[in-house]
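Taken from TrEMBL, the feature Fe cation binding site applies to His188, His249, His321, His534.
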Amino acid sequence: MCWLMSSLFDDRFEHPAGTYKKIFETCEELAEPLPATVTGRIPSYLKGSLLRLGPGLFEVGDEPFYHLFDGQALMHKFDFKNGQVTYYRKFIRTDAYVRAITEKRVVITEFGTFAYPDPCKNIFSRFFSYFKGVEVTDNCLVNVYPVGEDFYAVTETNYITKVNTDTLETMKKVDLCNYVNINGVTAHPHIERDGTVYNIGNCMGKGASLAYNIVRIPPTQKDKSDPIEKSKVVVQIPSAERFKPSYVHSFGMSENYFVFVETPVKINLLKFLSAWSIRGSNYMDCFESNESQGTLFHIATKDPGEYIDHKFKAAAIGMFHHINTYEDQGFIVVDLCGWKGFEFVYNYLWLANLRANWDEVKKAAMMAPQPEVRRYVIPLDVHKEEQGKNLVSLPYTTATATMHADGTIWLEPEVLFSGPRQAFEFPQINYEKFAGKNYTYAYGLGLNHFIPDRICKLNVKTKETWVWQEPDSYPSEPLFVQTPDGVDEDDGVLLTIIAAPGSQRPAYLLILNAKDLSEIARAEVECNIPVTFHGMYKH
């Protein structure tokens, strides 16, 4: 069912049956594609594949993974052909997965799960394996994106994994450190129409100073060489703290600028490098918050890549996903999904929390930072003498930017959407036509106390919202596919995978009309599908 509403959450859904626990359970890969049962009509222009990634193995032998981002990477694929749909999935053969399956235990430390040395080895080899330093995981469970003519499954470390998107076979592991100076890159690159890929990661700069590097990977090469070999750092952005980079999950890019939001959630590198090998830490143990920093907005030009040294600052937020970033009349408009305050939201994504009974889930979420969709506006033309006045003159926003005496420009956002413990997250837009441009519509996954239970559409200009929701149904991030001859920004469909564990067929691909979120078709399969994070539609 779907409806238009002034607030996304007038009609509050509860989940006392707790069937959402099923989306955090291990499932088997498939030997061959399963035919789906289609109701409604699949649009004839859907002839490609929906690719999705997420965790699929939540324990190895009798050793559990503890955090949502620890389960081993499972790739899902819905293929469209002549109005029919098939579903296929396969675990990605990462080192983390292959070694875990071979040794029947957690071998490589994940986000929130520490890998203990092999208990069968003698005391000396165990002792030395504690001091080998960190073996970084290649568990690429977050997203998939194209580089040249290839496709890579990714997480947030320096390893990306090439996959064959037809067969879902794992091809090879690539270490980006071999090509550019970064410690890791995000799972949310920006991809231009010609196939150029931009991404960001932190790095150790000259004299062990810390910085963030924006990396450019060129499009398909005429000589058929691998574009990754021609990766370059285009601009470096300084870090607010010398040994503590901020956690970075995504960044903004308009036609001519990069925007990097440096939040108060920090990775303590000294803790990461020292405590790791001795104490049995995981990545989560190395995060801390700088309660006094607030949030810093950095901007840099794209071509040529130059850092613009203005200090834009705002109140503390946690931030994972940018929605869109565009320029208008001398301003950069930055729309993002924020979480108020300086606390790290991942603290609330332990599997034990997410698998709790509904009352417990709600109780835990009451303590968490509050989600909000926000618009920040950054003035490009800044003069010291304009102290104390609002520098934003765009007629359609209440966001402000005010020069302080010390030269800092303080940013106050406009709130585009807010609902208590109801997040508009995993945002998507009509990316092909409106990335980096003035736009109207965002689509998102509605999180109700961290449980995904609705698909939402937001008009960022009027704040009007639409919702699709059904009882005991748990969707994933909606991906927008444009109608080939579409004229309007929202002429197209949304593709999302719904887990409905209590149903006769416990999962389905749902196709919604992007205009009003009405159902066009669904393709049901006779197997459970666990939670997925991000993915893409491959034409």
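Using N, Cα and C of the backbone, Cβ positions are placed for all residues, glycine too.
Feature map: TrEMBL annotations on the structure.
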residue : record                 : Cβ neighbours (10 Å)
His188  : Fe cation binding site : 20
His249  : Fe cation binding site : 20
His321  : Fe cation binding site : 18
His534  : Fe cation binding site : 22
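What surrounds the Fe cation site, by Cβ distance within 8 Å of the Cβ centroid and not counting His188, His249, His321, His534, is the set Val142, Asn143, Thr186, Ala187, Ser250, Phe320, His322, Phe426 from the same chain.
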